[in-house]
Ligand code: ADP
């Protein structure tokens, strides 16, 4: 999704792809296939490029440091990226900044985990510090027995234990920052998760306490500045009305993020354009919303031939913008999203219905005789 923005700005975008048929590879003319964990592959790829950036956080940090020492311009740098890769490092750093964390502990074994649960009260949440996504690597523990049942999770080392936050909704504060230090925030959005996967985003978050929205955006900007983040960063938050700052920070992502896909149609500057501007140290674009926006993901379902329903889907709601990733369909895989921006005073519920209708047509196909 960075490719059209790069083309539009006249930048040459190269992609190091995992395989020839991944959608990122098909979106640019130059996409060598290689392993992002192999230093020589990275070296070869980076040769002659103005800047190297990411759309995931899994390139080994030691390789990034080596490339930097060899003169490659990597954005964001590994010292910043570590906070999006390791949730224990992130919790510690957020605590040092005095920003709102849930109660948490680094636990090395079941005994420490049970002690933490007994201290703060069950249920608690157990997380693997690294490698989790879409709720994989997150487990809710109701009692000491559940903690004992999670013993095998300690095989790879210490884990993060957290208070199970009693939140009213999940929010995301999206910001971008350049190496020179210019930073901008988009409006704070409401994110709706289903089975640990982002399903819908409402931008801006409706009926949010303006002081909480402001404090959440300020926290994300402060994190970006203090951690030296460059490019786009999303701070995922839990809204906790009436307690503390009114929110706590859940986790960070340092790249264009699913909770920012609404900006492709709903903001003056999309997160993908902003990421390119930011990593190239160019002035950032305006982040104002163009109107109330709903983003709805569609995941792979029964329908294998997505385009069979395109005529019906595009015809059903011409104001809804479809973004199809060109990925093969697997059940539960994110394969596209739709955005709809209010321009004639529609309510959130009306927008959500329009978005869901189009997403469902593509996901499920048009039923015979339906
Ligand atoms: P991932 O890295 O897989 O996205 P997250 O840390 O965001 O994992 O957790 C996935 C989901 O689990 C969150 O979106 C939230 O719904 C729930 N969750 C995570 N941490 C907590 C917590 N401390 N309290 C309550 N719910 C939580």
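Including glycine, each Cβ sits where the backbone N, Cα and C put it.
In TrEMBL, annotation is done automatically, which means it is predicted and not curated.
Just so it is clear, the model here is predicted, and its values are computed rather than measured.
Lifted from TrEMBL, the feature list:
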type: BINDING; residues: 87, 127, 162, 163, 164, 165, 170, 250, 251; note: ATP binding site
type: DOMAIN; residues: 91-280; note: domain 'ATP-grasp'
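Positions of the features from TrEMBL, shown on the structure.
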{"residue": "87", "record": "ATP binding site", "DSSP (3 states)": "helix"}
{"residue": "162", "record": "ATP binding site", "DSSP (3 states)": "strand"}
{"residue": "170", "record": "ATP binding site", "DSSP (3 states)": "strand"}
{"residue": "251", "record": "ATP binding site", "DSSP (3 states)": "strand"}
To which of the binding-site residues 87, 164 does the lowest count of other Cβ atoms within 10 Å belong?
164
Which one, from the binding-site residues 162, 170, 251, has the smallest tally of other C-beta atoms lying within 10 Å of its C-beta?
251
